[in-house]
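Asker: Pasting a structure here, questions to come.
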Ligand SMILES: NC(=O)C1=CN([C@@H]2O[C@H](COP(=O)(O)OP(=O)(O)OC[C@H]3O[C@@H](n4cnc5c(N)ncnc54)[C@H](O)[C@@H]3O)[C@@H](O)[C@H]2O)C=CC1
Ligand SMILES: O=C([O-])CC(=O)C(=O)O
């Protein structure tokens, strides 16, 4: 049976996923899409011929018509849809997983997942190494996990932490650490930039214990995520030098194809990797 998908948010990531469905890379039925900007909905619907165009939802609850609800909008959208989708026994895939750094929301969503016939998915997104971190965390002997993210200053513009602290990113003329703290704080301070830190923390030792450093570097063209972890299993280090998406420099292209691969893996007979 072909799985039907409903997408919350019709921006950069959703467009890549819709394209993968439209061109057959991903075997799924894009049934329904929702966005507060109708022109973004139209752009996604236009990727399909008349017979297979997704329905334009007028409110998020209409996404529950699909078997799997995929959030690619932002952290507030996770509050709006995740627990409801799971409570309706739908699968739910979240890109803005940083929303789960908030204890109340995480508890609600995880409780809904536990009781649901659906499953909650948080893909690796723009980072590499969650397979190894998950395995290492299993024994309880993972001692430390940290993420250092370096982005071009433009990729950090508009973040609440930048605005509230009056950080002038245009004046940054050398690699500059602009934030250091736990994933819990990073997710709220940079909601569109560092969701990966919370995905990492959920695979590993939790959002309060996962250390995050954010660097603005005017000479860096990529979104670079470096993970370092230590424990009884040894030392894990991964670096991804991500190409930013042309339509949204905050978002790495890998984030979109990671979600596509996660969706594809739900349908395959052979499962490679942890
Ligand atoms: N886990 C990961 O590795 C990554 C996660 N992300 C998350 O994915 C989200 C989407 O990324 P992009 O597609 O690049 O963003 P985008 O800005 O290109 O698209 C977001 C779309 O969602 C819509 N939207 C946002 N909030 C909404 C709401 N409350 N109600 C209705 N429509 C809403 C916007 O109008 C826009 O069309 C980011 O905000 C970020 O939270 C982004 C990059 C990596
Ligand atoms: O795409 C990236 O490099 C990471 C990102 O924006 C996020 O985790 O929110």
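FYI, residue positions are counted from 1 along the chain as it appears here.
The backbone N, Cα and C atoms fix where each Cβ goes, glycine too.
A TrEMBL annotation is a machine prediction, not a hand-curated record.
According to TrEMBL, the active site annotation covers 225. Sequence annotations record features per position, and here TrEMBL assigns NAD(+) binding site to 126, 195. The feature domain 'Aspartate/homoserine dehydrogenase NAD-binding' is assigned by TrEMBL to 9-122. According to TrEMBL, the domain 'Aspartate dehydrogenase' annotation covers 173-260.
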Asker: Out of 126, 195, give me whichever of these binding-site residues has the highest number of other Cβ atoms within 10 Å.
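Answerer: The largest 10 Å Cβ neighbour count belongs to 195.
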Asker: Measuring Cβ to any atom of ligand 1 with a strict under-6 Å cutoff, which of the recorded positions 126, 195, 225 qualify?
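Answerer: Among 126, 195, 225, near ligand 1: 126, 195.
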Asker: Sorry to bug you, but what's the C-alpha spacing from residue 126 (NAD(+) binding site) to the residue listed as 'active site', rounded to the closest Å?
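Answerer: Distance (Cα to Cα, whole Å): 8 Å.
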Asker: Take the Cβ of residue 225 (active site) and count every other Cβ within 10 Å, whichever protein chain it belongs to.
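Answerer: Its Cβ has 26 other Cβ atoms within 10 Å.
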Asker: According to DSSP, does residue 195 (NAD(+) binding site) fall in a helix, a strand, or coil?
Answerer: helix
Asker: Can you give the mean pLDDT for the domain 'Aspartate/homoserine dehydrogenase NAD-binding' (9-122), rounded to a whole number?
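Answerer: Mean pLDDT for the domain 'Aspartate/homoserine dehydrogenase NAD-binding' (9-122): 98.
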